[in-house]
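Here TrEMBL flags 7-28, 40-65, 77-95, 101-123, 135-156, 162-182, 194-213, 225-247, 254-275, 281-301 as transmembrane segment. What TrEMBL records for 13-299 is domain 'Sugar phosphate transporter'. Taken from TrEMBL, the feature region 'Disordered' covers 326-379.
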Amino acid sequence: MMMVNKPLVLTYLYLLIYVLLSSGVILYNKWVLSPKYFNFPFPITLTMIHMGFSGAVAFFLIRVFKVVSPVKMTLEIYITCVVPISAFFAASLWFGNTAYLYISVAFIQMLKALMPVATFIMAVMCGTDKGRCDVFSNMLLVSVGVVISSYGEIHFNGVGTLYQVTGIFAEALRLVLTQVLLQKKGLTLNPITSLYYIAPCSFVFLCAPWYVLEKPGMEVSQIQFNFWIFFSNALCALALNFSIFLVIGRTGAVTIRVAGVLKDWILIALSTVIFPESTITGLNIIGYAIALCGVVMYNYLKVKDVRASQLPESIPDRMTKDWKFEKKSSDIFTPKNSSDNNGGGGGGNMNSSSDTKVDEEAPLISSRLLHGGRTQLSK
C-alpha cells in the first residue's frame with residue numbers, strides 16, 4: 001500500500017491556497033474598482049478598508065487571543081523604522097490599486113516583472129547591494145521584455161502605467177527599508193505582526209490623500225455601500241496574509257518564487273476570461289516571456305548567493321575555529337587554578353556573547369529572502 005507523505009501534501013495544499021487567494025484578491029479588487037462592474041472607483045478608500053480591517057484583526061490575534069507574540073517595539077524604533085516603512089507601503093497600495101482603474105490585470109502582471117529591477121536599483125542606492133554585471137544584464141533583459149510587452153498592449157494607458165510603475169518602486173523601497181531599518185535592529189515581522197504595527201500607520205497616512213482626492217467625489221456621486229462586498233473583499237486580503245504566513249513556515253525561497261511565477265501566469269489567463277476587455281496580443285506574450293526569463297535568472301542568482309553564504313566551513317577555517325575554541329575554553333577554566341579571576345572569565349563571556357549574536361542573526365537571512373518576494377498585504 002502506497003504511503004502518503006502528509007507534510008508534503010499539506011505544503012502543496014498551502015501553496016495552492018496561496019496562489020488561489022493571491023490571484024483572487026487581485027481579480028476581486030479589479031472587479032470592485034472597475035466602472036464596468038461593481039463601479040467603486042475609490043482605490044484609496046478600498047485600501048483604507050483593508051488596512052483598518054487587517055489592523056483590527058491583528059490586534060485581537062496578538063493582544064486578546066495571544067496567537068502570536070508582539071515584538072519588542074520602542075517608540076524610537078516605531079518612529080524611525082515603522083513610520084517610513086508604513087508610508088511607502090501605503091503609497092505602493094494606493095498607486096497599485098489606482099492602476100486598476102486604467103489598465104488591465106494582465107498588463108499589470110506584466111509590468112510587475114519590473115519588481116526585481118526596482119528592488120535592485122533601490123538596494124544599490126541604499127547601499128545594501130552592489131552593482132554586478134550578471135545582475136545588471138538580467139535587469140536589462142527584464143526591462144527590454146517589459147518595453148516589448150508595453151508596445152504590444154492594445155489598450156495602453158500612460159496614466160495607469162505610471163501609477164503601476166510608481167507603486168512598484170514604492171514597494172521596492174519599502175522592502176529595502178525593511179532590511180535597512182528593521183533587520184539591522186534585530187527585528188523581524190511575520191505577516192501578522194506586520195499588520196499589527198504597519199496597517200494602522202498606513203491607514204493614517206492614507207487619510208490625507210483620501211480627504212483631498214476621494215472624499216469630495218464620494219459626496220457627489222450616488223454610491224451604494226454594500227457591506228458584504230467590502231467585508232468579503234477585506235477578508236480575502238486578510239486570508240492571503242495568513243496563507244503567506246503558513247507558506248513561509250513550510251517551504252523554501254525557491255518554492256515561493258516558483259509559486260509566484262505560476263500565479264502570474266494563472267492571473268493573466270484568468271483575467272482574460274473574467275474581463276473580456278483584457279485582450280492579450282502575441283507581442284504581449286513574447287515581451288512577458290523575455291522579461292520572465294530575466295526574472296527567473298535573477299531569482300536563481302539571489303538563491304545561489306544565499307546558499308553560497310551558508311556553505312560549510314573550509315578545513316583551515318574549521319581548524320582555526322577549533323583552536324580559538326580550545327583557547328577560549330582554556331581562558332575560562334584557568335581562573336580555577338590561578339588568582340586572576342576577572343581577566344579570563346571576562347574574555348570567555350565576551351566571546352560567548354559574540355557567538356550567540358551570530359546565531360541569532362542567522363535566521364534573518366532566510367527571513368529576508370522569504371519576505372522579499374512581494375509579500376503584498378492587500379493587493
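Every residue gets a Cβ built from N, Cα and C, even glycine.
These numbers come from a predicted model, not from an experiment.
Only residues 6 or more beyond the boundaries of the transmembrane segment (194-213), in the same chain, are considered here, and those with a CB under 8 A from a CB of the stretch are 44-45, 47-48, 51-52, 54-55, 57-59, 61-62, 70, 73, 78, 82-83, 85-87, 89-91, 93-94, 238, 241, 375, 377. Most Cβ pairs under 8 Å to the transmembrane segment (254-275), among the stretches 40-65, 77-95, 162-182, 225-247, 281-301, belong to 281-301. Between the transmembrane segment (77-95) and the transmembrane segment (7-28) there are fewer than 3 Cβ pairs closer than 8 Å, counting only pairs 6 or more residues apart in sequence, which means the two stretches are not in contact. Simply put, out of 7-28, 40-65, 135-156, 281-301, 7-28 has the most Cβ pairs sitting under 8 Å from the transmembrane segment (225-247).
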